[in-house]
Amino acid sequence: MKTLLLTLAAATIVCLDLGYTLKCNKLIPIASKTCPAGMNLCYKMFMMSDLTIPVKRGCIDVCPKNSLLVKYVCCNTDRCN
């Protein structure tokens, strides 16, 4: 019985996410990745010439400022990009 309880406890610890980790979409939205520590935002980058198709997605620590050529959209929830 003790072995069963220890096994269940170990499985629970392994399955739990003990620290919050953000998941962001990669370039293809069906694929996501877990962001490393310190990267607490997801982003999409668009070329200003075509705001309908993102050219890059991923994790980032600070949302960059938009420029004349590039627009960034940042968010902070799982797979929000």
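A Cβ is built for glycine as well, from the same backbone N, Cα and C atoms used for every other residue.
Here is what Swiss-Prot says about this protein:
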- 1-21: signal peptide (SIGNAL)
- Cys24-Cys42: disulfide bond (DISULFID)
- Cys35-Cys59: disulfide bond (DISULFID)
- Cys63-Cys74: disulfide bond (DISULFID)
- Cys75-Cys80: disulfide bond (DISULFID)
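Taking CA atoms as the reference points, Cys24 (disulfide bond) and Cys35 (disulfide bond) are 7 Å apart. Mapped onto three states, the DSSP output places Cys75 (disulfide bond) in strand. Spatially, by CA atoms, the disulfide-bonded residues Cys35, Cys42, Cys59, Cys80 include one closest to Cys74 (disulfide bond), and that is Cys42. Cα-Cα distances to Cys80 (disulfide bond) place Cys42 within 10 Å, out of the disulfide-bonded residues Cys35, Cys42, Cys59, Cys63. Other Cβ atoms within 10 Å of the Cβ of Cys75 (disulfide bond), summed over all protein chains shown, number 15. Cys59 (disulfide bond) and Cys42 (disulfide bond) are 5 Å apart (CA-CA, integer value). Comparing Cβ neighbour counts within 10 Å across the disulfide-bonded residues Cys42, Cys59, Cys80, the minimum falls on Cys80.
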